[in-house]
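**Q** I have a structure here, written as structure tokens, and I will follow up with some questions on it.
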Amino acid sequence: MSNDIEFTPLATSEPLDDEQPITTNTKPTIPRLRRRPTLSARIEQLTDVAISGLGPVLLVVAFLLLSIVIFCFFTVVLPFHYTWKKNEDEEGSIGILDNLAYILHFVWSCYLVWGIAANYYYAVRTPPGSVLDGISSTGDVMFQDVLQQMETYTEAPPTCKRCLLPKPERTHHCSVCKRCVLKYDHHCPWIHNCVGHFNHRFFLMFLTYLSIACIYYVIMGAGPFMLAADMDSNNTWPYWLDRSIVAFGEVLAVAIGFAVGGMACWHWYLALTAQTTLEQYNNSYMKKICKKRGESFSNMYDFGIVGNFQDLFNIGPRGHYPWYTALLPLPIPPIGNGKRFERSGRGYILDFGEDDEDMV
Ligand SMILES: [Zn+2]
Ligand SMILES: [Zn+2]
């Protein structure tokens, strides 16, 4: 990208004039004549098809890998450290306190499994957000309805050249799903879905629970792993699950922990600075340009770490749910319809020119 690209600073904090009538000139933009696709465009198309086709396979792979680790934990790792003590003789009575460590670890691990499974399910099953959500009309009326939901009254709104529909702010066209997605972050083949406005929380919390679970598993599984890997000595292996599976579970937890943990940290940074993955690229570019011009850049959707945290979980004074719900893997919807976002102040929108189809 060249630094010569022009951009127009937009004062975005002014309230919109609700009295202003919606324009009737809302015909979709006529698409340009199709040019012959270049080699890179063809490769991109093939990649999109491959990612789309790979999605269901990766869902099964993710389910199997997670199941192996969870199964290893409850059949070997937890019993390796703690077992449920029973009253075997009449001399001493075993109370609940004697089994406290076992109970705490069992409840904690069940909570992690619930967090992983529920958030993964919601991330996969929740539609990320469509421009046509809540609109059942057809034709030009539909186009106008989207504008109404965007609360924009411009004669030339940003329009997706593939969907031929207005693009609300933060919306982006996913070339894999072939649709525009509200507050688009990225297409994730591991959930066979886009990460967008309505499933962002579930995706992030899935990464979070999985990262914590991996750290917990790696620590707890170190003992059983050493025992399973110690093939030379005549140690006894008291578990019916094969030792190679337990060793594999530990290696898997380390690998997933590094990969997913890194992603979780990155997505938490983005969430707490109110940026999507795409916006982060734009914003870092804008920061450089502003710096050269002696201006300071600020993200117009950023309400500070606490404000962004509340927005993410729909909690606290900015949201509709109590604070503790952030710790519960429940299908709580995000704030707003994803077509209009509260802004903290003056923002900048990058103009990539006429050829760009997705970056508006
Ligand atoms: Zn589109
Ligand atoms: Zn997608």
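Using N, Cα and C of the backbone, Cβ positions are placed for all residues, glycine too.
Automatic, uncurated: that is what TrEMBL annotation is.
Taken from TrEMBL, the feature domain 'Palmitoyltransferase DHHC' applies to 159-283. Marked as transmembrane segment by TrEMBL: 57-82, 102-122, 202-225, 245-270.
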**Q** Looking only at the domain 'Palmitoyltransferase DHHC' (159-283), what are its DSSP counts of helix, strand and coil residues?
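**A** Tallying H, G and I as helix, E and B as strand, the rest coil: 67 helix, 14 strand, 44 coil.
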**Q** If we skip the immediate neighbours and take only residues 6+ beyond the ends of the transmembrane segment (57-82), which ones have a Cβ under 8 Å from one of its Cβ atoms?
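**A** Contacts with the transmembrane segment (57-82): 101-102, 105-106, 109, 113, 116, 120, 124, 189-192, 217, 220-221, 223-224, 227, 239-241, 245-246, 248-249, 252-253, 256.
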**Q** Give the nonlocal contacts of the transmembrane segment (102-122) in its own chain as ranges (CB under 8 Å, at least six residues past its ends).
**A** 62, 66, 70, 73-74, 78, 81-85, 96, 191, 199, 202-203, 205-206, 208-210, 212-213, 216, 220, 329-331
**Q** The transmembrane segment (202-225): which same-chain residues, six or more beyond its ends, come within Cβ distance under 8 Å?
**A** 69, 72-73, 76-78, 80-81, 105, 108-109, 112-113, 115-116, 119-120, 122-123, 126, 185, 188, 191, 195, 246-247, 249-250, 253-254, 256-257, 260-261, 263-264, 267-268, 271, 312, 329, 331
